[in-house]
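**Student:** As annotated in TrEMBL:
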DOMAIN    1-150  domain 'Major facilitator superfamily (MFS) profile'
DOMAIN    180-374  domain 'Major facilitator superfamily (MFS) profile'
TRANSMEM  6-26  transmembrane segment
TRANSMEM  126-145  transmembrane segment
TRANSMEM  181-199  transmembrane segment
TRANSMEM  219-240  transmembrane segment
TRANSMEM  247-264  transmembrane segment
TRANSMEM  270-289  transmembrane segment
TRANSMEM  310-329  transmembrane segment
TRANSMEM  335-359  transmembrane segment
Amino acid sequence: MGGSALAVATLYVINPLATLFTNAWSGSMIDRLNKRKLMIYLDIYRAVCIAILPLLPSLWIVYVFVFFISMANAIYEPTAMTYMTKLIPVEQRQRFNSLRSLIGSGASVIGPSIAGALLIASTSEVAIYINAIAFLLSGIITLLLPNLDKKPDIHTSNDRLSLAVLKKDWTIVLNFSKKSLYIVFVYFLFQGMMVLAAANDSLELSFAKEVLLLTDSEYGFLVSIAGAGFILGAITNTILSKKLTPSFLIGIGSFFIAIGYIIYAFSNEFLIAAIGFFILSFSMAYANTGYYTFYQNNVPVHIMGRIGSIYGLVIAGITILITILFGVATQFISIQLVVIVGSLVMLLITIILCVFTLLPSHSKVHSSESIHSK
């Protein structure tokens, strides 16, 4: 598969495609159900589906199961975001998000290492079953968290899911968007950058093989450098979290992600690509922390499931189109040129994002006292 950029890019479409099948209605469900229970059920569901994977007779059936697992992931993410926003006090959210980035960065490096060790020491089936057990453990740990939905929500508790309710919820999201254009603008600029990053990442292996001419071990080392950048960025971000504002984190963090991709896109040797990888991965923790804090402080928590799901639906559609476009483009022009164009567009987006987030007139929106979060 690594030899065909289009084939690899197609694999990246599964997650956003699953999002298209869920997010039109899942947000309405998330805001009306007990978030903790829903997360537990989704963990159990994913554990069962993953445990079944080694028993499936066909690769295509495996893809179908992966699609259903991805649907659960699409529901889980906005559910967890809503729960965390309710759980963490406003003044502690930025610190929490920086620690969350640190843990996520560590997992992104340690996880593949553990998986590799398991594949060497045992079989792929054992690695898959351990992954399923991890989801079960996640469900058990979630069970120990406080139940934040004991009292019925006056905004949604009497509504049952129906087409009329879905239409009403979409109208609520639309009205919020009209009243909060700046918030929507920042959200979609940031997500636009992430879409282009995902599209570039879908070509990463083919770029490394065909442009940089890396061996498997060299490519593995390149990925390790990116992992080190993630961890170091997350550590420094955690240390500096109280001194940096969300606006600075979003704007400057996103800008340097684009700079990293530019260096990587124009590279023709390992060292230059490694520098680009390190810069973009180092900056990712800062940008994500700023984005999560901004989102939590400015989206009303009682409609956060609907906002996140419906906005995510739009982003998923764009992700599919851009990823396929990038994959198809490589059939007509060089992979490096495709990545360069994508990175330049990303740089333009992040410059606009940087300017808008750092405007003094919008400092209130980025503060921890934003009125929407209360």
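Our numbering is plain: 1 for the first residue shown, then up by one each step along the chain.
Using the three backbone atoms N, Cα and C, a Cβ is placed for every residue, glycine included.
Fair warning: this is a prediction, and the values are worked out from it, not measured in the lab.
Map the listed features onto the structure and describe their local environment.
**Tutor:** Mean pLDDT of the predicted structure over the domain 'Major facilitator superfamily (MFS) profile' (180-374): 90.
Note on the transmembrane segment (126-145): residues 36, 39-40, 43-44, 46-48, 50-51, 53-54, 83, 87, 115, 118-119 of its chain, located 6 or more positions outside it, place their CB under 8 angstroms from a CB of the stretch.
Note on the transmembrane segment (181-199): residues 9, 12, 250, 254, 257-258, 261, 280, 287, 291, 294-295, 298-299, 311, 314-315, 318-319, 322-323, 325-326, 342-343, 345-346, 349-350, 352-353, 356-357, 362, 365, 372 of its chain, located 6 or more positions outside it, place their CB under 8 angstroms from a CB of the stretch.
Beyond the ends of the transmembrane segment (219-240), by six or more residues, the same chain brings 95, 98-99, 101-102, 104-106, 108-109, 112, 205, 208-209, 249, 270, 273-274, 277-286, 289 to within a C-beta distance below 8 angstroms of the stretch.
Among residues of the same chain six or more beyond the transmembrane segment (247-264), those with a C-beta under 8 A of the stretch's C-beta atoms are 186, 190, 193, 197, 200, 237, 272-273, 275-291, 293-294, 339, 342-344, 346-347, 349-351, 353-358, 362-363, 366.
Distant neighbours of the transmembrane segment (270-289): 94, 97-98, 100-102, 105, 190, 197, 208, 212, 214, 218, 222-223, 225-230, 232-234, 237, 241, 244, 246, 249-250, 252-264; these residues of the same chain sit at least 6 beyond its ends, with a Cβ under 8 Å from one of its Cβ atoms.
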**Student:** Are there residues at least six beyond either end of the transmembrane segment (335-359) with Cβ under 8 Å to its Cβ atoms? List them, or say none.
**Tutor:** 5, 182, 185-186, 189-190, 192-193, 196-197, 199-200, 203, 206-207, 210-211, 247-248, 250-252, 254-255, 257-259, 261-262, 264-266, 290, 326, 329, 366
